[in-house]
Amino acid sequence: MQDPKVVIALDFDVKKDALDFVDRIDPSQCRLKVGKEMFTYFGPEFVRTLVAKEFDVFLDLKFHDIPNTVAKACIAAADLGVWMVNVHASGGEDMMIRAREGLAQFGQDKPHLIAVTVLTSMDKRQLSQIGIQSSPMEHVLTLASLTKQAGLDGVVCSAQEAAMLKETLGKEFMLVTPGIRPQGSDVGDQKRIMTPQEAMQVGVDYMVIGRPITQAKDPVAALDAINVSIA
């Protein structure tokens, strides 16, 4: 597969379980996401192991700090050989620009740099509680527009915002979407969800899928079924 669209969220708290799972999966059929829990448990060496197994790794640590600190963190991620790294758009334009500039030294090998807009667990009530009166959709557009202005590759967003973002910010602006659940899956803690087929139809570039694959009785078959459904 030339450009796998499925990014499997590796949410394991035992390294052996994670590696056993990874060894069953073909790196040409998917990419892998390592988030805060696994990175805290297993550290950067685990990421290097995945890269050595020829997986494209999305390091999902959502950096959000002063510009210099975030730039250095992104450089450290690139040194691990990751395919993609992200920051919080709410950290501001200067922070995002510094992150992008920090990665320029890696040339063609630099990872994709994307920004988180509104977490998929957030709804209008929760946004209001932190002082944001706009709807999730409006706030996503504000932060995504700022991200494009800063020169980043794209954003993490919910599938419901994808069509609007592609129309407003252009087809080249990359959309990475969690909250994707194959038909019949448990929705878990994601409030804004969509099936893989629906996500592709509205312009999602890469879909993050965790438990429907990692907790399936046959993870390889589950991944294959998703890939077939979006081919």
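Each Cβ is built from the backbone N, Cα and C atoms, and glycine gets one as well.
Here is what Swiss-Prot says about this protein:
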ACT_SITE  K62  active site, proton donor
BINDING   D11, K33, 60-69, T120, R181, Q190, 210-211  substrate binding site
Using DSSP and collapsing to three states, where does P67 (substrate binding site) fall: helix, strand or coil?
helix
Using DSSP with the three-state reduction, classify T120 (substrate binding site) as helix, strand or coil.
coil
In sequence order, which residues at least six apart in the same chain have a CB under 8 Å from the CB of G210 (substrate binding site)?
I8, A9, L10, D11, K33
Counting only residues 6+ apart in the same chain, whose Cβ is under 8 Å from the Cβ of P67 (substrate binding site)?
D94, M95, I97, R98, A99
Other C-beta atoms within 10 angstroms of the C-beta of K62 (active site, proton donor) total 17
